[in-house]
Structure formats: structure tokens, C-alpha cells
């Protein structure tokens, strides 16, 4: 075992890459085991990523647009999870914050002032604010009264789901599953994107996502607020003893965390649909965000890459079905990746074992 | 028959990243008190754990009475007549002395527990070895010194001929230390072989026959204690000449900087930890708080720094009230703090040295630029300054992670941060605990230097030597109250020991 391999094993980023590759490897074996050709899976993934259909040599850029569009909520929910995690909190409430963002965006879209630009901006802003409130409440409860954020966020997910139904059923033109169509002023579609991506659903949400990634990186790595939060996340006792306002850090971080998820909800509501949805189940972006953040090590860049991966897998599902590959294989790969991430500590143990052997060699012990 | 009761030959033991023992040899004669001396991390405890069967050596052999033995686990060690008195006692608090002693090998009559005969046997042994302790008292009701005797009785009850003592005096008052020394001599005269792990030279000189010195996992040598001085032993331990006494210039204390009045602190379960405590610390003065661990010291410091809420009383720093202020506000008023548990409260291990030295002032204009952006380059520059000033040894300069530093260097990072903030009052807890001799010397000299600059320093330490050497005035604490405040040189270690145990002496200032 040489130095370079050791260093590679120690870096979080390379572990993530390794884990993803391992997930695909096992996924490939599974596809082969059920008697399908794994090559077809990779063809679907290639097409989802690049739009290139290797079988007939045709190119359809719409797939690129869709992959990117699917990635947006994954990345934003990943940022939501990641932001809280960096402060030492486990935000399982991304789903609830996402639902609240979606709900409020839909309400503002249907009821708000129909003025160009202002309308959708207002809807998106409302989604961010409600997400921040939905998460911030948890933060305050945690910081002031030591209520476990895991329990309260899980509970709030259900509150959000049913509250969303109650609210959306009151909106204009509501049936049991949808509302009236949104006015044009509320939509965030982008005609330029539609033109170059062959009418994909890719919309202005991607700009908002990019801004969110930059904001995440900026707050965490560059500002004094982020410094205090990171210190709190790493060592709460030392942070407190050094005068860092830990209570404030926790509340604010949960609010910012919720804001990311709320934004995801707003973007999906206004970008992917032309009407409001009266949901009866959860979309799952909030939960997938947990995996995205873990794969991305809660860094801005890592989370973005992991979100793109998840978006690609989601977009590949339909393509796989077309090639007789069960689409569930993408869920299996996602699941495997998460399990392997959890096995990271096993890799660390292996590393320690290597260190020890190396040492014994150096001191000349059999 | 071998001359030696224990022979450990060429013992090597490695852990990930360290060689704890590198071909160490230890030869202990029968019926002697053999001291094992070394700094923290020299490999003493590892060697003893191998002898006691808690660890297995990678290579090397152990011989008892000339016969090679394979000590796989502590049970084997016990059956071979090896007993160990651990530094942290392994006693059940709400069991009686007898119950604790027989635990694991309870005598029975038929199928019933026979504590009566056990109690009798315990009484016999304790009389034979002059280990006075009531066999029917609950552990929670007896003193630390008595608890240690219970641990010794435990080994004797199991017919130990070799008894290992791991840093036995760390938790004792000076009087209890004297008593322990007598016990050790008594055990020797009764035919036992004693292995004493310690880094306290005075104790070795007082009681040990021979001494084996380890340094960084390697065997340095074995000497007859009578032939060497404390200075010689220290040099063997550290590997260079050591200065014991600290030059402390005479100096007039200035105005009152820290004034504690009628402080009371209650813990979460409502037990009063600090009771109506008053104390003053002046400019250019080090005030020491002497006492046995657990007498309210950590609660007192917690109340001053704001980590623990105050039940009642006032804290004045240069005339300003601190009681209701947040931790950050107290720091801003000029309160510095070097905490006892440096890994928990002192540094953020995952942060670099630069981020750690800025931990208390990162949000100020020094580093904070427009829009709350931090100037990390400025942080690093300042950290590089401190690294040089405070002689912090790090692999990658200011970007080295604090968690990867040795204990001594972590402590230097904390000391650098606190001193660089120029506090009016510096509260220091156990500043040299677990550090090697070089770092101890350095930290103590730094504290004296701060005193010379007019800083008011409040020092809590469980090492009486440290208090006696450094402090201008010594306040002895017992059960949350100050027993007396004495000037340095106007009180002896013995008198302080008496007060630590709770008795008030005449003539205290």
C-alpha cells in the first residue's frame, strides 16, 4: 500500500467517488443477475446525461435539459440538509419545508398580483420565507428547549403535508388533485432554454439554484456567521466557551436550511407544472436531499455534483424501462450509495489497520 | 530460583501511529518497591497493561520467578498473583467495602452468599497490613484515600504477591500521600513486590528501592534510587537538563481586578457546589486555588466564565458586574480562560491553528471585512506570528489542524490565543495537566511573564507543587468554600493539606 493510495483513502471527496462507483458496480451485477444486459443500463445513463442515443446514433438535447431540471430540487434539498449538518444538526424536515414552499408558491401564483416578473419573484420569495420559518421554528425549539430536531422535523413533515392539502383545496378551481392553471406571470419557464433543449422543462429555477449554491458556499466558507456555525458544528462546547452565540447559530442555521428546501418547493411548483398540485403524498426530494448531502460531504461543490448524479438517475428511469431494465435499479443504486457512505467508517478502520501493519514493518516486528 | 520476581524482556507494542513500547526490559527484584518513571506517553501504562494482561505484546517475553508465562488476560494475571490498583478506582459506589472486595469471587455457604466470613477475612487482611478501613461502610461514604485502600485490599484478598500501583497519588491529599507511602513500606516488609508507576520524583526518592526510566517508548535505564538525585532522575526522564525552580521576581500587587463576593453555585440536581465564596485577585498577582478535585473548583470557574449559571453573588471585573453578561460579553470585558479540558472547551480539533487562534475575536474588525466576510489571510498571518512567539510545533504551520497537534502544542495554541487578547483577568485551570516536562516549564514561565505584565491570574490546580511554586497567594478550597487565604512562603504544604481536608488552621490571613 503506497502513500498515494493512503492519501486517496483519507480524502472525503475520493471516498465519495469510490462509493458511487461501488454503487454502480453492484447495480451492474444485479442487472446481470436478473438476466438483463447491463450495457443497456449504461446506454440509458449516457442518454440521460448527454442526450446521445447510442443505438440509433440520434441526439436529443431534451434529455440534458431534463436531467438538469431534475437536479435542481435534489441539489437544493441537499444544500438544506448539508447546511444544518455542518452546524451539527440533522434536518430530516427538508420534505416538510419543501412542501410548505411549494404550497405557498402555488397560493401566491394563483392569488397574487399578476404583474410581470414581480409575480413569480413574490411567489419564490414567499416559498423561501415559509421554508425558513418552517425550519427556523425547529431551530428555536432545539436551541432554547433542547427539543430533538430529528423528532420535531419528522413530525412537521406530516403537518406540512396535510396543511398543504387543506390550503390547496381552498385555492381557485381546486379539485382533489389539482387547482386552476397558473397565470402566465407566475411561471418561471425560459423560452430560450426551451428552444435550445428541444422543449424540456428546464427553467429559470436553475439560475436560482446556482445562486443558492454560491450563497451556501459564501456563507459557510467566507463569512463570520459561517465560521461561528462551523465551530459550533465541530465542537459545540469549545464554541460556547469561546463566546460564540451557539443558540443563535443553531436557530439561524435551521432557518437557512429550511429556506433552501422552501426554494426547491417553489421552483418545482412554478417550473415543472402549469397548475397547482393538491398532493396526497410526498415528492421525496427532501428525503433524497439527505443522501445527496451525505454523498457530497455537505460541501457546496460536492452537493452540486451529487445532486446532478441523482438528477441523472431519475431522468434515466424512463429510458431504462424502454430498454427492459427495471427502473427500480436506480433506487437500488441510490440506496447502495447511501449504505456505502455509511460504511465509510469501515474504510477508516481499514486505513488504521494498514497504518499499523506499516508501522510494524518499520520497527521490524514479525 | 530467579533473583527477579518479574522480568519483562524486549517488550514491543505498537498502536496505529505510535510505538508505545520498543524493546523495553523491566527487571523487578523480589520484595522491592520498584518505580517506573516516565513522562506522559512514555509507555509506562502500556507496559503495565501488558504485564496485567489487558494488552498483549507484539513481541517479547514475560517471566515470573524465572518461569516464562503467557498472560492472556487480567484473570490470568490475577491467578499468577499480580494485582493492580488503578488510577481511577473500579468500585461500586453503593456496595459496602466487603462487597466490593469479594465481587467476582464471592464466598458461598451452600448456594448462599456468605458475607460474614468474607467480612472477617477482610478484617484480618486489613489488620495484617495496617490498612484501616471499616469493612461494612458503603464506598460512597468513605474518603478517596480509604477507597484506595479498598482497591489494595482487593488485590490482597486475591492473594497478590505483586501489586502494581498506577499513579496512586494523583487523587490524594498530602496527608493521604504520606499514609500511602507508609502502606507501601508495610506491604514490602510483609513480603510483597511493588511496582509504582509515577512521574513524581519526590515519591520515588522517598519510598522506592530501584527505578526504571522510560522515554518515548524506549528503555533508558534502571538505577538504585539511593545513588541518584531527583535532578538525575529528571534528566533521565526528559533526556536533557531540567530546571525545577521558577524564577519569580518579587512584585507589588496592584489594584483589585477580579472580585468575587458571596458566590454560590448549585448543580443541576440542586446540590450546592460553591457556597458563599469570596475572593479577590489583584493586578500582577497569581492567586492559586488549592484543593482536591471535586471540591467546587470547576463550578467556580464555570460561574466566572459564564458556562454555568450563578445561583447568587456578584462577580466584578475591574469594577464591572459580570453576573448577567453573556460569555462573549465577559470575554469582551477582558476575561481570559484557559480551560482544564482543552480538547472539549479549548480548541476546535477540526479547525486549523489559525482558525483556533481567532476563535474569540473572529467577528471583530481585526478579521471581519465588509458584508461579514472574514479575512482568512489576516488570521493566518497573525497565527504565524503566534506560532513563532509561542514556539508551537506544527507540521504545516498555521493551517495545521489543531486536533493533530500534541497536547502540549494544543495548550500552547490556547495560551497564545488567550494571552494575545490581552485580558485583564486570566482564569487558568490545570494548565499543565498531561503535558511533558518541557511544555510544563514553558507554560509556567509564560504565566509568570503575564504576571510581570500586570495581569491578574486565578489559577486552579490539583498539583500542589504547581500552586506552591507559582502563586503569590494561595486560597485553599474545601467543599465549595475557601478555608483560608495564605501568602506564599507563609504556609507549608502540610498546612494546606490539612485545610484541603477541611480543617481550618489558626493564623490564616
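Just so it is clear, glycine is given a Cβ too, placed from its N, Cα and C backbone atoms.
With a threshold of 8 Å between CB atoms, the same-chain residues lying at least 6 positions outside the transmembrane segment (A:12-35) that come near it are 41, 295-297, 302, 306, 309, 325-326, 329, 332-334, 336-337, 340-341, 344, 347. What TrEMBL lists as transmembrane segment is A:12-35 (among others).
Feature annotation from TrEMBL assigns transmembrane segment to A:96-115 (among others).
As annotated by TrEMBL, transmembrane segment applies to A:121-141 (among others). Residues 80, 84, 89, 91, 93, 96-98, 100-105, 107-109, 112-113, 147, 149, 152-153, 156, 160, 186, 188, 208, 250-263, 265-267, 269-270 of the same chain lie 6+ residues outside the transmembrane segment (A:121-141) yet bring a C-beta within less than 8 angstroms of a C-beta in it.
Per TrEMBL, transmembrane segment is recorded for A:201-219 (among others). Outside the transmembrane segment (A:201-219), and at least 6 residues removed from its termini, the chain residues within Cβ reach (under 8 Å) are 65-66, 68-69, 71-72, 75-76, 79, 82-83, 124, 187-190, 193-194, 225-226, 256, 260, 263, 267-268, 270-272, 299-301, 303-304.
Per TrEMBL, the feature transmembrane segment maps to A:250-273 (among others).
For A:285-309 (among others), the entry in TrEMBL reads transmembrane segment.
The transmembrane segment annotation in TrEMBL covers A:329-347 (among others).
Non-local neighbours of the transmembrane segment (A:250-273) in the same chain are 69, 72-73, 76-77, 79-81, 83-84, 86-87, 89, 91, 93-95, 97-106, 109, 120, 123-124, 126-136, 138-140, 142-143, 149, 182, 186-189, 201, 203-205, 208-209, 212, 216, 219, 225, 229, 232, 283, 285-286, 289; each lies 6+ residues outside the stretch with a CB under 8 Å from one of its CB atoms.
Tertiary proximity for the transmembrane segment (A:285-309) is limited to same-chain residues at least six positions away from its ends with a CB under 8 Å from its CB atoms, namely 12-13, 16, 19-20, 67-68, 71-83, 85-86, 92-99, 157, 213-214, 216-217, 220-221, 261, 264, 268, 334, 337-338, 341.
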